[in-house]
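In what follows, a single structure is set out as structure tokens and then discussed.
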Amino acid sequence: MTINTDDQYADGESKTTISSNRRYSTSSFQDQSMEDDGINATLTNDKATLIQVWRPKSYGSVKGQIPAQDRLTYTWREIDVFGQAAIDGKSREPLCSRLRHCFTRQRLVKDFNPRKHLLKNVTGVARSGELLAVMGSSGAGKTTLLNELAFRSPPGVKISPNAIRTLNGVPVTAEQMRARCAYVQQDDLFIPSLTTKEHLMFQAMLRMGRDVPATPIKMHRVDEVLQELSLVKCADTIIGVAGRVKGLSGGERKRTAFRSETLTDPHLLLCDEPTSSLDSFMAQSVLQVLKGMAMKGKTIILTIHQPSSELYCLFDRILLVAEGVAFLGSPYQSADFFSQLGIPCPPNYNPADFYVQMLAIAPNKETECRETIKKICDSFAVSPIARDIIETASQVNGDGGIELTRTKHTTDPYFLQPMEGVDSTGYRASWWTQFYCILWRSWLSVLKDPMLVKVRLLQTAMVASLIGSIYFGQVLDQDGVMNINGSLFLFLTNMTFQNVFAVINVFSAELPVFLREKRSRLYRVDTYFLGKTIAELPLFIAVPFVFTSITYPMIGLKAAISHYLTTLFIVTLVANVSTSFGYLISCASSSISMALSVGPPVVIPFLIFGGFFLNSASVPAYFKYLSYLSWFRYANEALLINQWADHRDGEIGCTRANVTCPASGEIILETFNFRVEDFALDIGCLFALIVLFRLGALFCLWLRSRSKE
């Protein structure tokens, strides 16, 4: 379809000869009554009093309307976004420079391919009380625009330094936007073992600021949002993993993700495809909730792909994106605009489908389609609607000013001060609250998978029984000494590989969830790491206990309770050192497959330096310092000291002639170049390695989080 260009504007641009009287019905929301968003006194006794007294500032008046001075108008000008392409696919900066950028919060500077121009000079205004829908064909840049409006540029994307983004005329930073804006992203990321209610409880504890006085209020808010989007029936259903672990349906997952971001009742809300994976009824329910929020004075911006006619009628304004702005205005204005271009929407045709088709690149018609899109964008750029938008954006950006809001900000700069309930670093919850919530969620994940715990313990018992059967009933002679030494080293080998590979995917598997929640300022890196690792600590104490308790008596090791407890203590330390090393590999690896590939070749050198295969005095000088990181070395020495230090001459039988016989425990230790006086040092080094490897894992996780900001 082509555009009629028979007539001309005075400035030479095309003028259409076709007009349209097509009008669209308004939403039934115009007559919908408002309900109080505040928390009513529905509980009894002290809880009821508490809930009745507290009402968050964002709820405004009794009917839920946001006071005029607190409403937000979001404007953006000259948004140009480029796809990043480093020369030859490699960064031009060395690793040390990139690490320095992580510490200084400077972004990497790479060459950009000018052909990858994702968004071109996008200008727009989103007013409070309006529902603005961003539409366009696939790949038009809808999500890219929303990411930039939310200050969440993905890796490989750069926004022009000339871009201006303001709230009520005041330029905002990423930290200020995080405190005032909720962003519902298209991909739903969850901890699959949690139920819907548990997930919302976790979100409420960390998202609802310190101005919310008590936990019962946050839990009451969770009950409210479960009711609002019909999630009550699945409140106790685990979220699961689509196609792998049965749980929530796609629609229920989408509604849960939506409500996670809107728990705090934000004044500015960005939603990327909030209706994807929803049926028509639930899609309308979600948009009705958004429409109701907009009618209370909130600013709502959403992207949507091919909405139905009924959903289209809910939008106050639409923004059509085709690399640049093809149109921004009300549905009424869009009908007139396209009619004047000679391409009116046919009768009984969904306007949203029609506009998206007009702005799409059809196969085998790329040149023709791009010309049509360019003409539409150029026509809109010189239209009165576009001029009004630019004029409005200029006024909001300070040329004219909005008196109502700017008067308030002049005396009390709302946008330059931390939001209520948010500390100076941008976190709503305290350090202890973050730690407690992460610990609670991680512990729930462990408890929700009892089969995994049972399998781990059963596996440990089976391996221990097998080793005990092989080395059963050793006697103190030459062969027995060799067998006992081998079995003790096998303790270390089994504990290492079993625990390294048990945790090697812990952080890699949750990395997308962690990065998203970290960017939303739900918690710090250290609270996440500590809570996650401490929750798994009981399992890594139980496993060595089961293993040692089975093998120790079966092999016939030194029959004294003190020696058994010492062996159990050393094996437990080894289990936690290897677990810490597994955490380090997991945090340093970009994927689970990479972590699994890196693990074995990294562990093997430490195994060789353990003193069993290579005498500690024979380690090459160039590997000497690396051997100091071998937990096998310290644990093997400690176990052998515990086993042989008390054996005197004559206690070990020499049953073979012409064979060297270690007549005492001291001789056995000298064979390995071990010394009794180094026992305390070995224990201290094992503790030091636990701390060192965990600090290394925390540092790697911190680097990963910084690189995504």
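Glycine is treated like the rest: Cβ placed from N, Cα and C.
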Annotated residue, N-linked glycosylation site, per Swiss-Prot; candidates ASN40, ASN121, ASN485: ASN485
N-linked glycosylation site according to Swiss-Prot, picked from ASN494, ASN658: ASN658
Of the residue ranges 286-304, 457-475, the one that Swiss-Prot records as transmembrane segment: 457-475
176-194, 537-555 - the one Swiss-Prot records as transmembrane segment: 537-555
Cβ packing number for ALA140 (ATP binding site), 10 Å threshold: 25
Long-range Cβ neighbours of the transmembrane segment (487-507) (under 8 Å; 6 or more residues past either end): 456, 459-460, 463, 467, 471, 474, 514, 532, 536, 540, 543-544, 547-548, 551, 555, 557, 567, 571, 574-576, 578-579, 581-583, 585-587, 589, 592, 595-596, 599, 603, 607, 610, 612, 631-632, 635-636, 639-640, 643, 697, 701
Packing count at GLY292 (ATP binding site) (other Cβ atoms within 10 Å of its Cβ): 19
Most Cβ neighbours inside 10 Å, all chains, among the recorded positions SER138, ASN485: ASN485
Fewest other C-beta atoms within 10 angstroms, as judged across LYS142, LYS296, LYS298, which are the binding-site residues: LYS296
Folded-back contacts onto the transmembrane segment (457-475), same chain, C-beta under 8 angstroms, at least six residues removed: 483-484, 486-487, 490, 494, 498, 542-543, 546-548, 550-551, 554-556, 653
